[in-house]
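Pulled from TrEMBL, these are the features on record:
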type    : residues                             : note
BINDING : A:CYS82, A:CYS87, A:CYS123, A:CYS127 : [2Fe-2S] cluster binding site
Amino acid sequence: MSGAVPWNEARAQEIIDAHLGLEGPALPILHAIQEEFGYVPEAVVPQLAQSLNISRAEMHGVVTFYHDFRHAPAGRHVLKLCRAESCQSMGSEKIAKDFLERIELEWGGTANDGSLTVEAVYCLGLCAHSPGALYDGEPIGRVDAEILDELASEAQKS
Amino acid sequence: MTKIYVPRDMAALAVGAKRVLAAIEKEAAARGETIQIIRNGSRGLLWLEPLVEVETPEGRIGYGNVKPSDVPSLFDAGFLKGGAHPLSIGKVEEHPYWAKQTRVTFERVGIIDPVNLDDYVAHGGGQGLAKAFEIGPAKVIEEVTKSGLRGRGGAGFPAGIKWKTVADAPADRRYVVTNADEGDSGTFADRMVMEGDPFVLIEGMTICGYAIGASKGFIYLRAEYPQCAEVLTEALEAARKAGWLGENVRGSGFAFDIELRIGAGAYVCGEETSLLESLEGHRGIVRVKPPLPAHVGFMGRPTVVNNVLTLATAPAILAKGGEYYASLGVGRSRGTMPLQIAGNVKFGGLYETPFGLTLGEIVNDIGGGTLTGRPVRAVQCGGPLGAYVPPSLFDTPFDYEAFQKHDSLIGHGGLVVFDDTVDMAQMARFGMEFCAIESCGKCTPCRIGSTRGVETIDKIVEGVDVEANIELLSDLCNTMKFGSLCALGGFAPYPVESALRHYPEDFRKATLPAAAE
């Protein structure tokens with residue numbers, strides 16, 4: 001997402017150190033790292049392992065367990081489309097499939113111009129307004145082809 | 001100055017509440033009207049969102065499905081005085097969807113300003129905690145036990161017994177953890193209470209902490225709820241500032257604070273032991289029980305892990321008495337359940353009512369049937385691990401035991417309605433696929449069985465050895481049910497088995513002769 005800064009080991013250490021007082025600080029640190037750099041760079045794993053006094057393997061295991069931690073930067077905008085049952089009851093699978101075909105992307109893929117990443121999500125709690133989506137963290141209900149196309153072109157412009 | 005309520009609930013935002021708010025502010029400024037905007041939670045009449053309310057001497061008048069383009073005409077119609085307009089639903093409190101509910105956990109949601117502590121107190125907030133401090137920890141646990149409150153996360157374990165177990169466990173410190181990892185499709189009650197009345201959760205956690213002797217609480221919130229995190233952060237700050245959290249909670253001498261933690265997109269972390277692993281900073285791998293978290297929980301200490309709704313109901317139980325709460329409901333399902341009516345349904349929303357309504361009443365009478373207008377074919381109850389229930393079982397009363405009799409569960413109270421275009425073999429396949437995506441990997445039947453389940457359903461759908469593969473699938477379901485540690489692997493077979501049982505024709509399309517047109 002926009003606003004992310006390039007990888008910087010010293011800055012990463014600052015973020016890590018700021019959280020070390022917490023009970024179980026790993027997830028808050030990983031969130032803060034991703035917030036800062038736009039993803040969780042491979043380079044932070046040994047650094048974090050050292051700070052938390054656990055093995056690299058263990059740290060790698062934590063980072064890779066959670067769907068939300070990215071291993072590479074996302075596009076400038078991120079669209080999360082819900083694929084859970086409630087949204088399926090309102091035809092979300094077809095809406096998403098057609099949209100992905102139109103913009104020539106697969107689930108999890110990023111557009112060539114770097115404008116948009118489309119990800120699957122399983123329930124946003126918008127189930128009375130299915131299908132639901134999150135665009136850069138903003139919720140959208142009653143998603144249809146028109147809304148999605150608008151978002152894709154909006155993403156290209158900014 | 002007229003008070004106007006525009007919800008900040010995520011569902012209202014999803015259908016344009018923010019744009020409506022901007023339009024109202026702009027129009028008011030242009031007309032020189034002074035208004036006071038209050039960002040309330042949602043009333044739960046979700047199909048009417050954005051539902052704008054105006055305070056009048058007669059009560060709050062609602063205007064439903066407001067679009068920014070409607071705003072000038074609302075002003076023209078004198079909506080600041082509750083004037084008539086095609087979008088008016090009249091007094092919100094007289095709307096049948098609202099008036100017929102019994103709101104206990106949700107008594108303030110949609111009514112108050114969620115982050116204004118004075119508003120919370122003016123509407124009865126804080127009485128439960130005051131009562132708790134008055135009667136002491138042991139009596140608090142007694143009262144919660146007396147109420148019959150069961151864990152609202154899905155398992156339905158009696159809350160009072162859990163609290164007592166933790167209180168009695170010898171330890172240097174104990175913890176309260178709110179499970180706000182509401183991942184089940186079709187559920188949004190946790191989100192709504194946290195966005196609409198966060199202080200009630202804070203108060204409930206404080207009551208629990210006081211009862212069990214804990215000075216620290218965590219809210220483990222799913223990452224998919226960014227707006228909810230904002231509201232909670234504001235509320236926690238306000239509570240600390242006002243001395244409702246901290247070294248000396250409301251002058252009682254009791255110290256308690258709460259930390260908000262955000263998950264990272266793992267469904268399995270809604271399982272309590274996986275949640276604790278995640279909170280400690282590990283992979284969210286399920287733990288073997290025993291020991292129970294009540295004995296060995298967060299950081300190895302006795303820990304109450306309760307769902308949002310469970311803890312958010314504690315203040316009302318203390319304020320109104322355990323007997324009052326127990327007087328509602330049926331059988332062993334006491335009190336109320338905030339039903340979440342979702343999916344392909346006309347009047348989707350949150351409906352809090354005592355246990356005991358039939359499924360048919362909920363789906364057809366309250367929910368109004370499908371949004372598409374087609375016949376209802378299936379209702380998935382209790383999220384992705386819950387069974388698909390056909391209309392032939394619509395006379396089942398909504399309570400824990402009655403649902404169990406049909407091999408289904410009420411879970412967290414979510415109901416997802418499907419019309420007759422649904423392909424139940426595909427839904428069964430999705431059930432297995434979801435389990436494969438979200439399995440933590442600890443138990444082989446869940447980790448590998450779910451993938452084999454997808455493959456087997458694919459074969460069935462293609463018409464390969466259909467009957468033999470259906471038998472194999474049933475056998476696999478059984479292995480998963482009995483060979484998995486937690487509810488993910490243990491309950492993922494329920495939607496699959498219910499689809500096989502109630503909709504056998506959907507699995508045999510490839511072998512059946514094409515119906516004559």
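Any Cβ shown, glycine's included, is placed from N, Cα and C.
Those TrEMBL annotations? Automatic predictions, nothing curated.
With all protein chains in the displayed structure included, the most crowded Cβ environment within 10 Å among the binding-site residues A:CYS82, A:CYS127 is that of A:CYS127.
In sequence order, A:CYS82, A:ALA84, A:SER86 constitute the residues six or more apart from A:CYS123 ([2Fe-2S] cluster binding site) in its chain with CB-CB distances below 8 Å. Take the CB of A:CYS87 ([2Fe-2S] cluster binding site) and look out to 10 A: across all protein chains shown you find 31 other CB atoms.
Taken residue by residue with DSSP, A:CYS123 ([2Fe-2S] cluster binding site) is part of neither helix nor strand, so it is coil.
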